[in-house]
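Colleague: This structure is in structure tokens; I'll ask about it shortly.
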Amino acid sequence: MRRTVKDFRNAKGQRLVYLTAYDYPTARLAEAAGVDAILVGDSLGMVVLGYPSTVPVTLEEMLHHTKAARRGAPETFLVADLPYLAYATLDRALLAAERLLKEGGADAVKLEGGEEVAEIVQGLVRAGVPVLGHVGLTPQTASQLGGYKLQGRRPEEAERILKGALALEEAGAYGVVLEMVPARLAKEVTERLSVHTVGIGAGPHTDAQVLVFHDVVGLYGDFKPRFVKRYLEAGRLIQEALSRYAQEVREGVFPGEEHSF
């Protein structure tokens, strides 16, 4: 049975599993594996669409992939990212969230930022939109943070991240993602918040963990961040299978009699 926002609000201290999925087959596999929540992240821009960052991702693209993921995982709690600038104002955020929830089938939306987006989060929550916050490394504005690197090493950075997480909780977010922050900071934030935290590159002390589907199964062999653990080398296995297929076609081995009518 699909979890509800209330379940996640009461999930503090539980070891929850989030996983990204961007289409029907990956969402179907994630649901079959029993994950607690699926995130249709705007990381699909880089992972699936080949963009250099998440910035080019449009609301229409998010909607397209959210619909597909929902069809693949009808019984799993589904969170969809609000893409870059879709929440520059509350009106824009409400319109984007409405489409992702009503048309896309999402159960909640995620947006990046701390204190600077707290009013937007509050407005969304007041309108009945469940919101997952996101602090630390925020990929949509990574260029302003010096690139894709660890955040919160310096005391002032750590203080900004903590204040941001607290502001999101106060605004009504049902949980907060902590990305690429030191484990000790993630532990402190997790202990200070009453809502659950979701870590990615944030150590073992968060309430939940999230990883990108393609990283978990090793679809891209040349990309392995330090915080990722690969459970399969799917990219290599798929490439080997495709090479064998091509070889057998060229050698006249496939199709054989058993593949013919």
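Just so it is clear, glycine is given a Cβ too, placed from its N, Cα and C backbone atoms.
Straight from Swiss-Prot, here's the annotation block:
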BINDING   D42, D81, E112  Mg(2+) binding site
BINDING   D42, S43, D81, K110  3-methyl-2-oxobutanoate binding site
ACT_SITE  E179  active site, proton acceptor
Colleague: Listed 3-methyl-2-oxobutanoate-binding residues D42, S43, D81, K110 - what's their greatest C-alpha to C-alpha distance in Å?
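Modeller: Greatest Cα-Cα span of the listed binding residues: 12 Å.
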Colleague: Applying a 10 Å Cβ distance cut-off over all chains shown, what neighbour count does D42 (Mg(2+) binding site) have?
Modeller: 30
Colleague: Taking the recorded positions one at a time (D81, E112, E179), which has its Cβ surrounded by the most other Cβ atoms within 10 Å?
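Modeller: Counting every other Cβ within 10 Å of each candidate, the maximum falls on D81.
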Colleague: Any idea what the Cα distance is from D81 (Mg(2+) binding site) over to K110 (3-methyl-2-oxobutanoate binding site), rounded to a whole Å?
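Modeller: Cα to Cα, D81 (Mg(2+) binding site) and K110 (3-methyl-2-oxobutanoate binding site) are separated by 5 Å.
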Colleague: Work out the three-state DSSP category of E179 (active site, proton acceptor).
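Modeller: The three-state answer is strand.
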Colleague: Between D42 (Mg(2+) binding site) and K110 (3-methyl-2-oxobutanoate binding site), what C-alpha distance do you get in Å?
Modeller: 10
Colleague: Name them in sequence order: residues not among D42, D81, E112 whose Cβ is within 8 Å of the mean position of the Cβ atoms defining the Mg(2+) site.
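Modeller: Going along the sequence, the neighbours appear as G41, S43, T54, V57, L82, P83, Y84, K110, L111, H134, P139, Q140.
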Colleague: How big is the gap, in Å, between the Cα of E179 (active site, proton acceptor) and that of E112 (Mg(2+) binding site), rounded to a whole number?
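Modeller: Their Cα atoms are separated by 10 Å.
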